[in-house]
Amino acid sequence: MAEHDYHEDYGFSSFNDSSQEEHQDFLQFSKVFLPCMYLVVFVCGLVGNSLVLVISIFYHKLQSLTDVFLVNLPLADLVFVCTLPFWAYAGIHEWVFGQVMCKSLLGIYTINFYTSMLILTCITVDRFIVVVKATKAYNQQAKRMTWGKVTSLLIWVISLLVSLPQIIYGNVFNLDKLICGYHDEAISTVVLATQMTLGFFLPLLTMIVCYSVIIKTLLHAGGFQKHRSLKIIFLVMAVFLLTQMPFNLMKFIRSTHWEYYAMTSFHYTIMVTEAIAYLRACLNPVLYAFVSLKFRKNFWKLVKDIGCLPYLGVSHQWKSSEDNSKTFSASHNVEATSMFQL
(Lines of atoms letter the chains of each structure in order from A; the text may use other names.)
(Lines give C-alpha, C1' and ligand atoms only; values in the text may rest on other atoms or scores of the structure.)
Protein backbone atom coordinates (compact mmCIF):
# COMPACT_ATOMS: atom_id res chain seq x y z
CA MET A 1 0.00 0.00 0.00
CA ALA A 2 1.71 3.18 -1.14
CA GLU A 3 2.39 5.38 1.85
CA HIS A 4 2.67 8.48 -0.30
CA ASP A 5 -0.75 8.11 -1.91
CA TYR A 6 -2.64 9.86 0.86
CA HIS A 7 -0.80 13.13 0.35
CA GLU A 8 0.58 12.89 -3.15
CA ASP A 9 -1.51 15.78 -4.45
CA TYR A 10 -0.91 18.10 -1.51
CA GLY A 11 1.92 20.58 -1.22
CA PHE A 12 2.50 20.80 -4.97
CA SER A 13 -0.44 22.81 -6.27
CA SER A 14 1.12 26.17 -5.41
CA PHE A 15 4.60 25.33 -6.74
CA ASN A 16 6.15 26.54 -9.98
CA ASP A 17 6.09 24.68 -13.27
CA SER A 18 9.44 23.02 -12.56
CA SER A 19 8.19 21.52 -9.29
CA GLN A 20 4.97 20.43 -10.93
CA GLU A 21 6.94 18.76 -13.71
CA GLU A 22 9.14 16.94 -11.17
CA HIS A 23 6.05 15.74 -9.36
CA GLN A 24 4.48 14.49 -12.56
CA ASP A 25 7.68 12.58 -13.32
CA PHE A 26 7.47 11.06 -9.85
CA LEU A 27 3.86 10.00 -10.40
CA GLN A 28 4.80 8.34 -13.68
CA PHE A 29 7.70 6.55 -11.99
CA SER A 30 5.47 5.39 -9.14
CA LYS A 31 2.97 3.89 -11.59
CA VAL A 32 5.72 1.59 -12.86
CA PHE A 33 8.12 0.96 -9.98
CA LEU A 34 5.82 0.26 -7.05
CA PRO A 35 3.32 -2.03 -8.83
CA CYS A 36 6.24 -4.02 -10.30
CA MET A 37 7.81 -4.41 -6.86
CA TYR A 38 4.43 -5.38 -5.40
CA LEU A 39 4.02 -8.10 -8.00
CA VAL A 40 7.56 -9.42 -7.44
CA VAL A 41 6.95 -9.61 -3.69
CA PHE A 42 3.54 -11.18 -4.34
CA VAL A 43 4.90 -13.96 -6.58
CA CYS A 44 7.96 -14.75 -4.46
CA GLY A 45 6.03 -14.49 -1.20
CA LEU A 46 3.19 -16.62 -2.56
CA VAL A 47 5.54 -19.42 -3.63
CA GLY A 48 7.82 -19.34 -0.58
CA ASN A 49 5.17 -19.07 2.11
CA SER A 50 2.89 -21.59 0.40
CA LEU A 51 5.75 -24.10 0.37
CA VAL A 52 6.39 -23.56 4.08
CA LEU A 53 2.71 -24.02 4.89
CA VAL A 54 2.31 -27.16 2.76
CA ILE A 55 5.42 -28.78 4.21
CA SER A 56 4.49 -27.77 7.76
CA ILE A 57 0.97 -29.18 7.48
CA PHE A 58 1.47 -32.32 5.37
CA TYR A 59 5.09 -33.34 5.94
CA HIS A 60 5.87 -32.29 9.46
CA LYS A 61 3.87 -32.59 12.65
CA LEU A 62 3.75 -29.69 15.08
CA GLN A 63 6.16 -31.07 17.64
CA SER A 64 7.60 -27.91 19.16
CA LEU A 65 6.73 -24.32 19.97
CA THR A 66 8.88 -23.14 17.08
CA ASP A 67 6.80 -25.26 14.69
CA VAL A 68 3.63 -23.53 15.90
CA PHE A 69 5.12 -20.13 15.12
CA LEU A 70 6.46 -21.37 11.77
CA VAL A 71 2.90 -22.15 10.69
CA ASN A 72 1.49 -18.79 11.75
CA LEU A 73 4.34 -16.73 10.26
CA PRO A 74 3.99 -17.91 6.63
CA LEU A 75 0.19 -17.78 6.98
CA ALA A 76 0.37 -14.11 7.97
CA ASP A 77 2.90 -13.31 5.24
CA LEU A 78 0.88 -15.23 2.65
CA VAL A 79 -2.32 -13.32 3.35
CA PHE A 80 -0.29 -10.09 3.47
CA VAL A 81 1.19 -10.55 -0.02
CA CYS A 82 -2.22 -11.53 -1.43
CA THR A 83 -3.39 -7.94 -0.87
CA LEU A 84 -0.54 -6.50 -2.94
CA PRO A 85 -2.04 -7.09 -6.43
CA PHE A 86 -4.97 -4.86 -5.46
CA TRP A 87 -2.61 -2.06 -4.39
CA ALA A 88 -0.56 -2.61 -7.55
CA TYR A 89 -3.62 -2.13 -9.76
CA ALA A 90 -4.68 0.92 -7.75
CA GLY A 91 -1.18 2.37 -8.15
CA ILE A 92 -1.31 2.04 -11.93
CA HIS A 93 -4.90 3.20 -12.32
CA GLU A 94 -7.04 4.11 -9.30
CA TRP A 95 -9.08 2.38 -6.62
CA VAL A 96 -12.00 0.72 -8.39
CA PHE A 97 -12.90 -1.96 -5.85
CA GLY A 98 -15.34 0.06 -3.74
CA GLN A 99 -15.51 1.13 -0.10
CA VAL A 100 -16.19 -2.31 1.41
CA MET A 101 -13.15 -3.82 -0.31
CA CYS A 102 -11.13 -0.78 0.73
CA LYS A 103 -11.90 -1.30 4.42
CA SER A 104 -11.51 -5.07 4.13
CA LEU A 105 -8.13 -4.97 2.39
CA LEU A 106 -6.82 -2.26 4.71
CA GLY A 107 -7.81 -4.48 7.62
CA ILE A 108 -6.36 -7.68 6.12
CA TYR A 109 -3.16 -5.89 5.10
CA THR A 110 -2.65 -4.36 8.56
CA ILE A 111 -3.68 -7.39 10.65
CA ASN A 112 -1.22 -9.64 8.88
CA PHE A 113 1.54 -7.03 9.02
CA TYR A 114 1.25 -6.84 12.82
CA THR A 115 0.84 -10.60 13.15
CA SER A 116 4.01 -11.26 11.16
CA MET A 117 6.08 -8.83 13.23
CA LEU A 118 4.75 -10.09 16.57
CA ILE A 119 5.42 -13.70 15.59
CA LEU A 120 8.99 -12.77 14.64
CA THR A 121 9.30 -11.35 18.15
CA CYS A 122 7.96 -14.57 19.69
CA ILE A 123 10.34 -16.70 17.62
CA THR A 124 13.23 -14.63 18.96
CA VAL A 125 12.08 -15.14 22.56
CA ASP A 126 11.58 -18.86 21.92
CA ARG A 127 15.13 -19.19 20.61
CA PHE A 128 16.39 -17.41 23.71
CA ILE A 129 14.59 -19.87 26.00
CA VAL A 130 15.71 -22.93 24.01
CA VAL A 131 19.39 -21.95 23.98
CA VAL A 132 19.80 -20.17 27.32
CA LYS A 133 17.25 -22.14 29.38
CA ALA A 134 17.63 -25.46 27.56
CA THR A 135 16.99 -27.82 30.48
CA LYS A 136 13.92 -25.96 31.68
CA ALA A 137 12.53 -25.74 28.15
CA TYR A 138 13.07 -29.47 27.60
CA ASN A 139 11.23 -30.39 30.80
CA GLN A 140 8.25 -28.19 29.91
CA GLN A 141 7.72 -29.02 26.24
CA ALA A 142 4.03 -29.88 26.59
CA LYS A 143 3.33 -26.71 28.56
CA ARG A 144 5.27 -24.64 26.04
CA MET A 145 3.26 -26.10 23.16
CA THR A 146 0.01 -25.08 24.86
CA TRP A 147 1.43 -21.67 25.65
CA GLY A 148 2.53 -21.27 22.03
CA LYS A 149 -0.95 -21.97 20.66
CA VAL A 150 -2.51 -19.53 23.14
CA THR A 151 0.12 -16.92 22.28
CA SER A 152 -0.49 -17.33 18.55
CA LEU A 153 -4.24 -16.85 19.03
CA LEU A 154 -3.60 -13.82 21.23
CA ILE A 155 -1.32 -12.30 18.59
CA TRP A 156 -4.07 -12.51 15.96
CA VAL A 157 -6.56 -10.90 18.37
CA ILE A 158 -4.15 -8.09 19.27
CA SER A 159 -3.40 -7.50 15.59
CA LEU A 160 -7.13 -7.21 14.88
CA LEU A 161 -7.62 -4.71 17.70
CA VAL A 162 -4.74 -2.44 16.71
CA SER A 163 -5.94 -2.56 13.08
CA LEU A 164 -9.39 -1.20 13.92
CA PRO A 165 -8.49 2.45 13.13
CA GLN A 166 -7.63 1.50 9.54
CA ILE A 167 -10.79 -0.59 9.22
CA ILE A 168 -13.09 2.02 10.76
CA TYR A 169 -11.62 5.15 9.17
CA GLY A 170 -10.48 3.64 5.90
CA ASN A 171 -12.36 5.09 2.97
CA VAL A 172 -12.18 5.94 -0.71
CA PHE A 173 -11.13 9.52 -1.46
CA ASN A 174 -11.12 11.42 -4.73
CA LEU A 175 -7.77 13.22 -5.04
CA ASP A 176 -7.63 13.62 -8.83
CA LYS A 177 -8.07 9.85 -8.77
CA LEU A 178 -9.80 7.45 -6.38
CA ILE A 179 -7.51 6.43 -3.49
CA CYS A 180 -8.13 3.96 -0.67
CA GLY A 181 -6.75 5.16 2.66
CA TYR A 182 -7.43 7.20 5.77
CA HIS A 183 -7.09 10.95 5.24
CA ASP A 184 -7.03 12.16 8.84
CA GLU A 185 -3.95 13.59 10.58
CA ALA A 186 -4.89 12.26 14.03
CA ILE A 187 -5.56 8.75 12.72
CA SER A 188 -2.36 8.84 10.68
CA THR A 189 -0.40 9.72 13.82
CA VAL A 190 -1.95 6.86 15.81
CA VAL A 191 -1.35 4.40 12.97
CA LEU A 192 2.26 5.53 12.56
CA ALA A 193 3.00 5.24 16.29
CA THR A 194 1.47 1.75 16.44
CA GLN A 195 3.24 0.55 13.31
CA MET A 196 6.64 1.75 14.48
CA THR A 197 6.17 0.36 18.00
CA LEU A 198 4.83 -3.10 17.14
CA GLY A 199 6.31 -3.39 13.67
CA PHE A 200 9.84 -2.17 14.30
CA PHE A 201 10.97 -1.16 17.78
CA LEU A 202 9.51 -4.16 19.65
CA PRO A 203 11.04 -6.79 17.32
CA LEU A 204 14.32 -4.85 17.13
CA LEU A 205 14.76 -4.47 20.89
CA THR A 206 13.77 -8.10 21.45
CA MET A 207 16.33 -9.26 18.89
CA ILE A 208 19.08 -7.11 20.38
CA VAL A 209 18.49 -8.33 23.94
CA CYS A 210 17.80 -12.00 23.21
CA TYR A 211 20.41 -12.52 20.51
CA SER A 212 23.07 -10.79 22.61
CA VAL A 213 22.55 -13.37 25.36
CA ILE A 214 22.29 -16.21 22.83
CA ILE A 215 25.57 -15.20 21.19
CA LYS A 216 27.28 -15.07 24.58
CA THR A 217 25.95 -18.56 25.37
CA LEU A 218 27.01 -19.98 22.01
CA LEU A 219 30.51 -18.52 22.30
CA HIS A 220 30.99 -20.59 25.46
CA ALA A 221 29.70 -23.71 23.69
CA GLY A 222 31.72 -26.06 21.54
CA GLY A 223 31.13 -27.86 18.27
CA PHE A 224 30.82 -26.93 14.62
CA GLN A 225 27.14 -25.99 15.03
CA LYS A 226 28.08 -22.88 17.01
CA HIS A 227 29.51 -21.15 13.95
CA ARG A 228 26.48 -21.97 11.81
CA SER A 229 24.13 -20.69 14.51
CA LEU A 230 26.04 -17.43 14.85
CA LYS A 231 25.90 -16.92 11.08
CA ILE A 232 22.12 -17.42 11.11
CA ILE A 233 21.71 -14.91 13.95
CA PHE A 234 23.77 -12.25 12.20
CA LEU A 235 21.93 -12.91 8.94
CA VAL A 236 18.51 -12.54 10.61
CA MET A 237 19.57 -9.28 12.29
CA ALA A 238 21.14 -7.89 9.12
CA VAL A 239 18.10 -8.66 6.96
CA PHE A 240 15.71 -7.15 9.51
CA LEU A 241 17.76 -3.95 9.82
CA LEU A 242 18.40 -3.56 6.09
CA THR A 243 14.77 -4.10 5.10
CA GLN A 244 12.90 -2.42 7.96
CA MET A 245 15.08 0.41 9.28
CA PRO A 246 15.15 2.64 6.15
CA PHE A 247 11.36 2.69 5.73
CA ASN A 248 10.69 3.24 9.43
CA LEU A 249 13.27 6.02 9.51
CA MET A 250 11.56 7.73 6.58
CA LYS A 251 8.16 7.39 8.27
CA PHE A 252 9.56 8.91 11.45
CA ILE A 253 11.05 11.85 9.52
CA ARG A 254 7.76 12.34 7.72
CA SER A 255 5.86 12.49 11.01
CA THR A 256 8.17 15.11 12.52
CA HIS A 257 9.05 17.20 9.45
CA TRP A 258 5.95 17.68 7.35
CA GLU A 259 7.79 20.19 5.13
CA TYR A 260 9.48 17.23 3.43
CA TYR A 261 6.22 16.62 1.59
CA ALA A 262 7.23 19.50 -0.66
CA MET A 263 10.34 17.56 -1.76
CA THR A 264 9.85 15.14 -4.60
CA SER A 265 13.08 13.36 -3.64
CA PHE A 266 11.53 12.49 -0.28
CA HIS A 267 8.61 10.81 -2.05
CA TYR A 268 11.05 8.75 -4.09
CA THR A 269 12.83 7.70 -0.90
CA ILE A 270 9.58 6.71 0.82
CA MET A 271 8.55 4.63 -2.18
CA VAL A 272 11.85 2.77 -2.58
CA THR A 273 12.26 2.04 1.13
CA GLU A 274 8.66 0.81 1.30
CA ALA A 275 9.34 -1.68 -1.49
CA ILE A 276 12.49 -2.86 0.30
CA ALA A 277 10.56 -3.28 3.57
CA TYR A 278 8.01 -5.56 1.91
CA LEU A 279 10.78 -7.94 0.84
CA ARG A 280 10.63 -9.43 4.35
CA ALA A 281 7.57 -11.43 3.23
CA CYS A 282 9.79 -13.15 0.63
CA LEU A 283 12.82 -13.57 2.89
CA ASN A 284 11.07 -14.92 5.99
CA PRO A 285 10.62 -18.44 4.51
CA VAL A 286 14.36 -18.56 3.74
CA LEU A 287 15.47 -17.23 7.12
CA TYR A 288 13.07 -19.16 9.31
CA ALA A 289 12.43 -22.41 7.44
CA PHE A 290 14.83 -23.26 4.63
CA VAL A 291 17.82 -22.95 6.99
CA SER A 292 16.54 -26.11 8.69
CA LEU A 293 18.00 -29.43 7.55
CA LYS A 294 14.74 -31.20 8.37
CA PHE A 295 12.74 -28.66 6.38
CA ARG A 296 14.97 -29.09 3.34
CA LYS A 297 14.59 -32.86 3.62
CA ASN A 298 10.80 -32.49 3.66
CA PHE A 299 11.04 -30.06 0.75
CA TRP A 300 12.79 -32.70 -1.38
CA LYS A 301 10.11 -35.19 -0.35
CA LEU A 302 7.49 -32.77 -1.65
CA VAL A 303 9.41 -32.25 -4.88
CA LYS A 304 9.62 -36.03 -5.36
CA ASP A 305 5.92 -36.53 -4.57
CA ILE A 306 4.73 -33.98 -7.13
CA GLY A 307 7.17 -35.34 -9.72
CA CYS A 308 9.05 -32.10 -10.42
CA LEU A 309 12.46 -33.75 -10.13
CA PRO A 310 13.60 -37.33 -10.68
CA TYR A 311 14.58 -39.28 -7.63
CA LEU A 312 18.35 -39.02 -8.07
CA GLY A 313 20.40 -39.62 -4.96
CA VAL A 314 18.01 -37.69 -2.74
CA SER A 315 17.98 -40.36 -0.07
CA HIS A 316 21.76 -40.05 0.19
CA GLN A 317 21.40 -36.30 0.64
CA TRP A 318 18.80 -36.78 3.40
CA LYS A 319 21.04 -39.26 5.16
CA SER A 320 24.02 -36.92 4.93
CA SER A 321 21.97 -34.03 6.29
CA GLU A 322 20.68 -36.10 9.17
CA ASP A 323 24.20 -37.35 10.01
CA ASN A 324 25.55 -33.81 10.00
CA SER A 325 22.87 -32.70 12.44
CA LYS A 326 23.33 -35.53 14.96
CA THR A 327 26.04 -33.72 16.91
CA PHE A 328 23.86 -30.69 17.43
CA SER A 329 20.71 -32.70 18.14
CA ALA A 330 22.47 -34.73 20.81
CA SER A 331 23.53 -31.63 22.72
CA HIS A 332 20.29 -29.70 22.18
CA ASN A 333 17.50 -32.25 22.62
CA VAL A 334 14.93 -29.58 23.36
CA GLU A 335 14.27 -28.80 19.70
CA ALA A 336 15.47 -32.05 18.15
CA THR A 337 12.06 -32.54 16.54
CA SER A 338 11.64 -28.96 15.40
CA MET A 339 11.93 -27.95 11.77
CA PHE A 340 14.10 -25.04 12.83
CA GLN A 341 17.29 -25.72 14.70
CA LEU A 342 19.30 -22.69 15.69
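The backbone N, Cα and C atoms fix where each Cβ goes, glycine too.
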Same-side flag (membrane), VAL32 vs ASP126, source Swiss-Prot: no
CYS180 - recorded disulfide partner, Swiss-Prot, among CYS102, CYS122, CYS210: CYS102
Other CB atoms within 10 A, centred on CYS180 (disulfide bond): 25
Beyond the flanks of the transmembrane segment (69-89) by 6 or more, those residues with Cβ under 8 Å of it: 1-2, 34-36, 38-39, 41-42, 45-46, 48-50, 52-53, 56-57, 62, 96-97, 101, 105, 108-109, 112-113, 115-116, 119-120, 122-123, 126, 148, 152, 155-156, 278, 280-281, 284-285, 288-289, 339-340
Residue numbers, six or more beyond the limits of the transmembrane segment (188-215), whose CB comes under 8 Å of its CB atoms: 6, 113-114, 117-118, 120-121, 124-125, 127-128, 131-132, 162, 165-166, 182, 230, 233, 236-237, 240-241, 244-245, 248, 251-252, 255, 342
The topological domain 'Extracellular' (260-275) - residue tally per DSSP class, helix then strand then coil: 15 helix, 0 strand, 1 coil
Spatial neighbours of CYS102 (disulfide bond) that are distant in sequence (at least 6 apart) but have CB under 8 A: TRP95, GLY170, ASN171, VAL172, CYS180
